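Novice: Checked TrEMBL, it gives:
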DOMAIN    3-132  domain 'Photolyase/cryptochrome alpha/beta'
BINDING   Q289, L290, L291, W292, R293, E294, F295, F296, D387, A388, D389  FAD binding site
SITE      W320  site 'Electron transfer via tryptophanyl radical'
SITE      W374  site 'Electron transfer via tryptophanyl radical'
SITE      W397  site 'Electron transfer via tryptophanyl radical'
REGION    508-542  region 'Disordered'
COMPBIAS  509-526  compositional bias 'Basic and acidic residues'
Amino acid sequence: MAPNSIHWFRKGLRLHDNPALQEAVKGAGTVRCVYFLDPWFAGSSNVGVNRWRFLLQCLEDLDASLRKLNSRLFVIRGQPANVFPRLFKEWKISRLTFEYDSEPFGKERDAAIKKLAMEAGVEVNVKISHTLYDLDKIIELNGGQPPLTYKRFQTLISRLDPPEMPVETLSESLMGRCVTPVSDDHGDKYGVPSLEELGFDIEGLPTAVWPGGETEALTRIERHLERKAWVANFERPRMNANSLLASPTGLSPYLRFGCLSCRLFYFKLTDLYRKVKKNSSPPLSLYGQLLWREFFYTAATNNPRFDKMEGNPICVRIPWDKNPEALAKWAEAKTGFPWIDAIMTQLRQEGWIHHLARHAVACFLTRGDLWISWEEGMKVFEELLLDADWSVNAGSWMWLSCSSFFQQFFHCYCPVGFGRRTDPNGDFIRRYLPILRGFPAKYIYDPWNAPESVQAAAKCIIGVHYPKPMVHHAEASRLNIERMKQIYQQLSRYRGLGLLLHTRSGITGKRERESEREGSGEKDHMTSCSVHKMRRQSAEVRTPAQTTFHVMQLL
């Protein structure tokens, strides 16, 4: 007798390269594709309207694609552990398939569902397709521990077989005689809910800059690979003001929700490289952004405290300040630093910011200026950022705050000079902070330095229409660097790491003097006002901080 199957969508919201979905239809009599509004997502107060909209668009697109195969998506309200036993009986299910989830809470959830399925006599088939590699094999190859340096990670994966090729897209021929029973009231029972049904007020909600779904993802990857200059040289484009805006070739939210297969992206890059470079073998650096994603997944898979400081074995314990008022000013774009506030405004409006913008606001919140825990920033990103991924988000915040992976705490991003270097005219600020539109380029990054006549002409008095800076950057960064130095000196003594080899007396030198001139146009984009030198014990210490959030943007 042909089995009756359920395929359980979580991430992996696509029909292409979905091996678990293929297992569901293989030789089956019936198949039902289900998606639960899982409590970890639906019940979370940390999920903003842009993320919800993206998810719902993904589900609508998935349902539309299934309709073309005479099937439908079943969106089920409730907890999987409570609902599955009823579905197994009601639909006479004998096979359950789903994509492997490497994150700790996902593994715990899936183990519980497997137990329920076994008790109901349901076969469970799980396939890896959200990552390029089997993460357990990487850990096994490293003696049972996840690699905590990117260099070590690269060494390990170079010993593994290449990632598996993508499987073909689900089609009518693959469906065979498999059917999906659909009732007349399917839309009422199992339709994709609207934002209004979920309690969101959509009045005034702007059009999505990042439309969700597999169809959009596949269109974007073709645009991504068609960019002639990048294809010819395989180099990252230079930064300019336009780089700060959302790109029609951006892929990160689609990889996060699994609308786009990382394996499809990997092999399309491989094929293109060989075509352009005449069949030469591509270097690992070609896949750098995908591999950083994989690195953080590997580091997090067996660490349920990966998103916490306390109880997290790889995280440095730093006595961060608790300052709800300062945190709120940062999150609500009221810091008084136009570069920081414009970035946070873009994040709240669109659900995305450039990776260097992420560096700027992360450094400002943590070790650069406000000395607030990276955990608080991570929560804000989890709420607002479309591509916020538990493993990558937590890992990146630990990195940028020098809590793990990266120890060059003397590199601080200046909230004035960094933006000015990237966008000298201040067009990005004018776009997202129209109140400052009237300021000339000379003052738009530090409007508090503008003469009263300039402020009056701009129709924006600092301290009245736009806030004054909440901190003095040069003083705050100097103090925080000294704090970090003391913390790492203690670690050096406790662990014998010898991290700090040299400390010059005082915090002086050219870069510190430049820090004092913030807002004058002479400041370098990195404060780097400490001149402490550290032993470079790993690839991470040698790697600039700019590498980490790249994985979220994916060009």
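Glycine residues also receive a Cβ, built from the backbone N, Cα and C atoms like all the rest.
Any TrEMBL annotation is an automated prediction that lacks curation.
So where do these features actually land, and what's packed around them?
Specialist: The number of other Cβ atoms within 10 Å of the Cβ belonging to W320 (site 'Electron transfer via tryptophanyl radical'), over all protein chains shown, comes to 20.
The number of other CB atoms found within 10 A of the CB of W374 (site 'Electron transfer via tryptophanyl radical'), across every protein chain shown, is 26.
With a 10 A radius on its CB, W397 (site 'Electron transfer via tryptophanyl radical') counts 26 other CB atoms from all the protein chains.
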Novice: Taking the residues Q289, L290, L291, W292, R293, E294, F295, F296, D387, A388, D389 listed for FAD, what is the greatest CA to CA distance in Å, to the nearest whole number?
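Specialist: Looking at Q289, L290, L291, W292, R293, E294, F295, F296, D387, A388, D389 as a set, their Cα atoms extend up to 17 Å apart.
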Novice: Between the Cα atoms of R293 (FAD binding site) and W374 (site 'Electron transfer via tryptophanyl radical'), what distance do you get, rounded to the nearest Å?
Specialist: 19
Novice: Can you tell me the three-state DSSP label for Q289 (FAD binding site)?
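Specialist: The three-state answer is helix.
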Novice: Let me know the model's mean pLDDT on the domain 'Photolyase/cryptochrome alpha/beta' (3-132).
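Specialist: Here the predicted model's pLDDT, averaged over the domain 'Photolyase/cryptochrome alpha/beta' (3-132), is 95.
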Novice: Given the recorded sites W320, W374, W397, which one's Cα is the least distant from that of D389 (FAD binding site)?
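Specialist: If we rank W320, W374, W397 by Cα distance to D389 (FAD binding site), first place goes to W397.
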Novice: Mind giving me a neighbour count for D387 (FAD binding site)? Other Cβ atoms within 10 Å of its Cβ, every protein chain shown.
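Specialist: The answer is 25.
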